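A.B. asks: Feature annotation from Swiss-Prot assigns active site, N6-AMP-lysine intermediate to Lys115; the stated evidence is sequence analysis. Annotation source Swiss-Prot lists NAD(+) binding site at Asp32, Ala33, Glu34, Tyr35, Asp36, Ser81, Leu82, Glu113, Arg136, Glu173, Lys290, Lys314. Positions annotated as Zn(2+) binding site by Swiss-Prot, on the basis of sequence analysis: Cys408, Cys411, Cys426, Cys432. Marked as domain 'BRCT' by Swiss-Prot on the basis of sequence analysis: 593-671.
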Amino acid sequence: MESIEQQLTELRTTLRHHEYLYHVMDAPEIPDAEYDRLMRELRELETKHPELITPDSPTQRVGAAPLAAFSQIRHEVPMLSLDNVFDEESFLAFNKRVQDRLKSNEKVTWCCELKLDGLAVSILYENGVLVSAATRGDGTTGEDITSNVRTIRAIPLKLHGENIPARLEVRGEVFLPQAGFEKINEDARRTGGKVFANPRNAAAGSLRQLDPRITAKRPLTFFCYGVGVLEGGELPDTHLGRLMQFKAWGLPVSDRVTLCESAEEVLAFYHKVEEDRPTLGFDIDGVVIKVNSLAQQEQLGFVARAPRWAVAFKFPAQEQMTFVRDVEFQVGRTGAITPVARLEPVHVAGVLVSNATLHNADEIERLGLRIGDKVVIRRAGDVIPQVVNVVLSERPEDTREVVFPTHCPVCGSDVERVEGEAVARCTGGLICGAQRKESLKHFVSRRAMDVDGMGDKIIDQLVEKEYVHTPADLFKLTAGKLTGLERMGPKSAQNVVNALEKAKETTFARFLYALGVREVGEATAAGLAAYFGTLEALEAASIEELQKVPDVGIVVASHVHNFFAEESNRNVISELLAEGVHWPEPIVINAEEIDSPFAGKTVVLTGSLSQMSRDDAKARLVELGAKVAGSVSKKTDLVIAGEAAGSKLAKAQELGIEVIDETEMLRLLGS
């Protein structure tokens, strides 16, 4: 029995440590799946030895103590957790337990919701006015986050409608959409601030700021999923009915809430959500399944830490632990040196992962990563797997320092890192084989010169056989030379030559984009082409003149200026023009002479349009004298927001920029 007691003590100590890291420090060290495994192991041992259960065991309570920096709010109704199931068999067993426990043969219907990966909060309204908000904390006492919650635009400060209870405590999840998470980390990397490992940590860190002004700058949102206190009023007698009532009063509720009539329908809902998960725009880690009838919920009751009438059906873990066996360095199209962790292969979210990006030297330093470390790997949707954190408590003794190269691993040229930039780059330019391949692939891509039939494998062979060194060499290729490549017959070779000939007729914007100037995407290339009109004017532009172009700041202006100042680049451009690459003469548009509501305005498009393509919309706006930019800044005059508009819309609202929808855009275009 002594060994069992020791196991229980060790498990409880380990779980308490990780609960503290997760709930209090917002710095989890292990994946949720590993925590769940430890909790299951503890619960199984306690079930076999109930005499050894202690009141302070992690199985007997919900979370961890609140931060001392916040005042505390005691929950009038405890905020309990949910039990988890991880496969269909376990869910069906839960379904059977529910059916068996009910005293009548009344049919059970299930209300199914998304299990959001954010921070659980309670919000108290008195006579319809928001008076307080708290985190879950330990389930009994939470942190007072009222000032911060008031900054979240999705949460109404006052409910609207009729028959609002005198006191109503709603519960839900504060979370951060993916677009907002990426923007926060992008800004943090640029300013040297804290980079968050995942949206959940970012949401928690944003909500638990002591300064509400910081929270207000974060694009947090909220979905309501339940009720705590209810006094001086009534609510519907079904869970779904209550959610719909909350929605009528102005509280946000997920539109994916679904009523299922059977266990089979619940499983179908689970698999549909799992399929849609990568496109939701925010993180979820499963679905929550609740008995819909409040009367049946009351019959079923609660266990120590969770209701018997609800369960969380979790998806396969998106995080797993493994070991870093080595770190290698890859060279990209623009010469960026990217460290890649070579991992002990591990299944993450159903995919075998053996590599993970480490981004740059700063990220390696932030993680404190060494070769041989045990790490947490995260893979969400189609995102490239990344190292979330190092499990320092389990660091082996024989780890080695990661040494960033001083010379390019491909061509041996010096590696430089510009002050203020996180990325180190090879200085080899066109002599670097890695850059040559990638820059040529970019040059012929669909949105650049659009050379039909010239895929990556052809470019690889052309470079390896040294048939092509610069983009201009592509237009010197003959069908005879191309037939020497693998799987390239005379007909295919002639088709590629014809495609190259066709690609010579392009646009100034496409040509600029195809050159692969650092940080010049399609929108910036279009802006440069529209502003300067000719290649000669652009080549002669100073850094100050370049910054007059919408969406071009000092960094991009410097990259463009330096690119055209480099003689070898100008020589390649001259060769391309000599080979016949051309585009129409610019149509000079004087915004002052155009009678249009868009004339002279800097406009940004965001979201998807239903009545026309974005390219058509851009072209029409330019015709009417607008300058179409790719990102929102203080220079922006107008944002046109289509469906599923994301971070650009949020930034426009933050800056107080005028926003119109597609319908209004079409009306103005027609006027």
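Every residue gets a Cβ built from N, Cα and C, even glycine.
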A.B. asks: What's the most sparsely packed of the binding-site residues Asp32, Glu34, Asp36, counting other C-beta atoms within 10 A?
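C.D. replies: Fewest other Cβ atoms within 10 Å, among the binding-site residues Asp32, Glu34, Asp36, is found for Asp36.
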A.B. asks: Where Glu34 (NAD(+) binding site) and the residue listed as 'active site, N6-AMP-lysine intermediate' are concerned, what is their Cα separation in Å, rounded?
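C.D. replies: So the alpha carbons of Glu34 (NAD(+) binding site) and the residue listed as 'active site, N6-AMP-lysine intermediate' sit roughly 18 Å from each other.
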A.B. asks: Using DSSP, what is the helix/strand/coil residue split across the domain 'BRCT' (593-671)?
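C.D. replies: With helix first, then strand, then coil, the domain 'BRCT' (593-671) has 29 helix, 18 strand, 32 coil.
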A.B. asks: Max Cα-Cα distance in Å among Asp32, Ala33, Glu34, Tyr35, Asp36, Ser81, Leu82, Glu113, Arg136, Glu173, Lys290, Lys314, the residues listed as binding NAD(+)?
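C.D. replies: Across Asp32, Ala33, Glu34, Tyr35, Asp36, Ser81, Leu82, Glu113, Arg136, Glu173, Lys290, Lys314, the two farthest Cα atoms sit 25 Å apart.
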A.B. asks: Within 10 Å of the Cβ of Leu82 (NAD(+) binding site), how many other Cβ atoms can be counted across all chains shown?
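C.D. replies: Result for Leu82 (NAD(+) binding site): 18 other Cβ atoms within 10 Å.
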A.B. asks: In whole Å, how far is Cys408 (Zn(2+) binding site) from Asp32 (NAD(+) binding site) when you measure between their Cα atoms?
C.D. replies: 39
A.B. asks: Identify which of the binding-site residues Cys408, Cys411, Cys426, Cys432 has its Cβ surrounded by the largest number of other Cβ atoms within 10 Å, counting every protein chain shown.
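C.D. replies: Most Cβ neighbours within 10 Å: Cys426.
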A.B. asks: Report the nearest neighbour of Asp36 (NAD(+) binding site) in space among the recorded positions Lys115, Cys408, Cys411, Cys426, Cys432, comparing Cα positions.
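C.D. replies: Among Lys115, Cys408, Cys411, Cys426, Cys432, Lys115.
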A.B. asks: In which DSSP state, out of helix, strand and coil, do we find Lys290 (NAD(+) binding site)?
C.D. replies: strand
A.B. asks: Using a 10 Å cut-off on CB atoms, tell me which of the recorded positions Lys115, Arg136 is the least crowded.
C.D. replies: Lys115
A.B. asks: Any same-chain residues 6+ apart from Lys290 (NAD(+) binding site) with CB under 8 Å of its CB? Would you list them in sequence order, or say none?
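C.D. replies: Result: Trp110, Cys111, Cys112, Glu113, His239, Gln297, Trp309, Ala310.
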